[in-house]
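Below is one structure; the comments refer to it alone.
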Amino acid sequence: MFLAQPRGFCAGVVRAIEIVERALEKYGPPVYVRHEIVHNKYVVESLKAKGAIFVEELSEVPPKAVTVFSAHGVARSIEEEAAARDLPVLNATCPLVTKVHNQGKRYTSKGRTLILIGHAGHPEVEGTMGQVPGPVLLVQNLDDVAALTLPPETPVAYITQTTLSVDDTKDIIVALSKKFHDIEGPDTRDICYATQNRQSAVRQMSKLVDLILVVGANNSSNSNRLREIGTEAGIPSYLIADGSELDPAWLDGKKAVGITAGASAPEVLVDDVIEALRRIVPVTVSVLPGREENIEFVLPAELATA
């Protein structure tokens, strides 16, 4: 059995969870969180047990209650609603998501029409589209690019959802560059390091295994993409929440299993999957070499000394 490296929690997820935990310590429960803090049921249930209450709308938050915005970011209208209600807010938006917001604002301030490459309905996409003033055109695939009716001479710029890697977006960016004569976009070094690193690790691991298990939630965009990458490499790949979802039939005829985890999946769930495998077959675990991650994001000032 091989473990991909890196895997699991990224710095933005660690920061978001710590914000909720420190808020509970400093202010006491309940602390209200708009949307799942990260897309993982285990994490959400663990925080619920400590006193966090998860809501989808601010109208569900009582007056004066401490409120946390999830790692995915929110639209300006949500920020304005919270301010109008005088809710004490802790913003757990990933700093790399905030960076995308700021890039979009800079492009539109220069008079460019903004194109967002991302998944419709994803909370990060909804937040980004609501943060940038003016219209934002969402494209999910090459067909969406072909359907754009802007004149070719229109000054445009593009930004991308952070859970999409350079590899995920390169074909769309090429198509946009062919369609529009005046186009700007962020440096490829600006993409989310965690997305790129985890996808690259799965591609490398796929050369060594004949089965890939991705630990993560069904509603986790980056976890789903890791499974897709394994499948694209020709390796049977499955997304599972924990060891209870492991199907012994998947192991029939398999000699080497690879395990990775989405950016919002804690290592305890990886351990759970390994134990589930051990109950079926003898297991020797090897951690693959990979890019080391030492990035940390600062907490909001209100919690820095909590």
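Backbone N, Cα and C atoms are what each Cβ position is placed from, and that goes for glycine too.
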_Matching residue for the (2E)-4-hydroxy-3-methylbut-2-enyl diphosphate site, where Swiss-Prot names His39, His72, His122, Ser220, Ser221, Asn222, Ser264 - out of Thr160, Thr162_ = Thr162
*Using Cβ-Cβ distances, find the residues under 8 Å from Cys192 ([4Fe-4S] cluster binding site) that belong to the same chain and are at least 6 apart in sequence, listing them in sequence order.*
Cys10, Leu96, Thr162, Thr163, Ser165
*To the nearest whole angstrom, state the Cα distance for the pair Ser220 ((2E)-4-hydroxy-3-methylbut-2-enyl diphosphate binding site) and Glu124 (active site, proton donor).*
11
*Among the binding-site residues listed here, His39, His72, His122, whose Cβ has the fewest other Cβ atoms inside 10 Å?*
His122
*asked:* With the cut-off set at 10 Å between Cβ atoms, which of these binding-site residues ends up with the most neighbours? Options: Ser220, Ser221, Ser264.
replied: Ser264
*Candidate with the highest Cβ count within 10 Å, taken from the binding-site residues Thr162, Asn222*: Thr162
_Glu124 (active site, proton donor), number of other Cβ atoms within 10 Å_ = 24
*Quick one: which of these binding-site residues, His39, His72, Ser221, Asn222, have their CA within 10 A of Cys94 ([4Fe-4S] cluster binding site)?*
His72
